[in-house]
Amino acid sequence: MSDINSGGNYEECRNTADWLLNHTQVRPTVGIVCGSGLGGLAGMLKDPQVFKYSDIPNFPRSTVHGHAGQLVFGTLKGKPCVCMQGRFHLYEGYPIQKITLPMRVFKLMGVETVILTNAAGGLNQDFKVGDIMIIKDHVNMPGFAGNNPLAGPNDDRFGVRFPCMSDAYDRELQQLAHEVATELGYSDFLREGVYCVLGGPSFETIAECRMLHRLGGDAVGMSTVHEVIVARHAGMRCFAMSLITNRSVMDYDSQERANHEEVLETSGQRSKQMEKLVTTMLDRLDNNKNNSF
Ligand SMILES: O=P(O)(O)O[C@@H]1C[C@H](O)[C@@H](CO)O1
């Protein structure tokens, strides 16, 4: 387990939030996290104000190709937003509290709803490359070994010691995503399922993919879950989607080999539809009191 001072404590998060609020007029209520090759969403923000992670106090640096490493403030369909154009992963070597620090900073800036995207391998044999999966639940494999971002002393200013996770993914937002996807004509490639997180950076073996599939996983990746745990702990509601960028290899006769280039290539091909789905959802939230921001 990481040292308790390794990132994410209240004072550190407060300093970062205050620094950002002093440098932007935007008061975000929506936080967005972009997955591998999916940073184009940040480019949709109106009147953008961009901060490189390297200029933000206490922020780690992005080290992964396809993660630009900047925080963008602006409005999307009239909603004040903050968007992480690139996220941090366990395998980059940061303590788990550090990779989730932006969620606490979001909370302290006033964010109420977090929308996350990721690239993932498809464990479900019905899934195709290019499918978009609404995440309805997760399996936190590093968590089974005690690697949970909430391990260590609990700070009640963020949330309770034992937060519930059976409602981790907001059901109203999932329903809205289904409705919007149907209207946009995306039904053919819209799925829902369970996302399994591993630490990475190595992709999974065939035996691991088979096991995760049998355990109920529909997609496998290396992110999102830690952010969702910290966001839920702090009371923000979460909606997350995986873009299935490759099919998980389940068969010893297969010639397929997972690789990051394919991940980025598929992200590029489907990113526009993901952006449209998110922006239309944001637009609709205005007209539905149950989904007010
Ligand atoms: O940030 P995400 O989860 O989209 O990134 C995925 C997992 C690895 O970082 C990388 C593998 O290609 O893409």
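Every residue gets a Cβ built from N, Cα and C, even glycine.
Annotations in TrEMBL come from automatic prediction, not curation.
Phosphate binds S36, H67, R87, F88, H89, A119 as TrEMBL records it, and from the list S202, S223, S248 the residue named for this site is S223.
Most Cβ neighbours within 10 Å among the binding-site residues S36, S223, N246: this distinction goes to S223. Among the binding-site residues listed (R87, F88, H89, A119, S223), R87, H89, A119, S223 have a CB atom closer than 6 Å to some atom of ligand 1, in sequence order. Reported as a whole number, the C-alpha separation between F88 (phosphate binding site) and E204 (purine D-ribonucleoside binding site) equals 19 Å. Look at the binding-site residues H67, R87, F88, E204 and count other Cβ atoms within 10 Å of each Cβ; E204 has the fewest. Across the structure, N246 (purine D-ribonucleoside binding site) and A119 (phosphate binding site) place their CA atoms 9 angstrom apart. The record assigns S36, H67, R87, F88, H89, A119, S223 to the phosphate binding site, and the maximum Cα to Cα distance across that set is 14 Å.
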